[in-house]
Amino acid sequence: MHLMLVLLGLAALLGTSQSQTGCYGVVNRIDTTGASCETAKPEKLNYCGVAASRMIAERDLRSMDRYKTLIKKVGQKLCVDPAVIAGIISRESHAGKALKNGWGDNGNGFGLMQVDKRSHTPVGEWNGERHLTQGTEILISMIKKIQKKFPRWTKEQQLKGGISAYNAGSGNVRSYERMDIGTTHNDYANDVVARAQYYKQHGY
């Protein structure tokens, strides 16, 4: 009896740790075609797809690891898979390497997650917890819009739709298969998901 209670307690504990980052789906369950050739070419890659996404993510890994603790903290706080946050950071700013004084996109995008000052008021330091929290909350708001728009989609499909909407807005997501048409290089969610799956394998 005592052993059963211990096992039940352990199961509850493990369940809690899983749910702390899995509220919006599990990134490894999402299908992805990876980066388009349009995304791969500026990275000087002569191939496209998941392999290209993984290579770009690998190049960003050392810079990303500086923020690993922070990314995991924000992910657990907001119940979002830290690997997804890392995937977005890689795509948006190459983990900060593409930024000038914390800004990108011709001075419109702020921080690691490139919060657009035309739509939001950026908060915190470009590489700090408040910024990552704001970026992740924007992602969550997009996921919730997709949940409302496509209630019959699986959790993972809604997560992928939310990632796509993070780039081009929920109005751009019209179907699962074509959600990335209209995003930057027409591959945003597929590329981010493939990068996130790479980061998942590296402890995010």
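Backbone N, Cα and C atoms are what each Cβ position is placed from, and that goes for glycine too.
For 1-19, the entry in Swiss-Prot reads signal peptide. The disulfide bond annotation in Swiss-Prot covers Cys23-Cys79, Cys37-Cys48, and the record cites similarity to another entry as its basis. Look at Swiss-Prot and you will find Glu92, Asp105 tagged as active site, backed by similarity to another entry.
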Active-site residues: Glu92, Asp105 - member with fewest neighbouring CB atoms within 10 Å:
Asp105
Compare the C-alpha of Cys48 (disulfide bond) with the C-alpha of each of the recorded positions Cys23, Glu92, Asp105, and give the closest one.
Glu92
Going by DSSP, is Asp105 (active site) sitting in a helix, a strand, or coil?
helix
Among all the protein chains here, how many other CB atoms are within 10 A of the CB of Cys23 (disulfide bond)?
14
Provide the number of Cβ atoms within 10 Å of the Cβ of Cys37 (disulfide bond), excluding the reference atom itself.
14
Name the one residue among Cys23, Cys37, Cys79 whose Cα is closest in three-dimensional space to that of Glu92 (active site); these are the disulfide-bonded residues.
Cys37
Quick one: of Cys48, Cys79, which of the disulfide-bonded residues has the smallest count of other CB atoms within 10 A?
Cys79
Euclidean distance between Cα atoms of Cys37 (disulfide bond) and Asp105 (active site), Å:
20
Do me a favour and check the Cα-Cα span between Cys79 (disulfide bond) and Cys37 (disulfide bond); whole Å is fine.
32
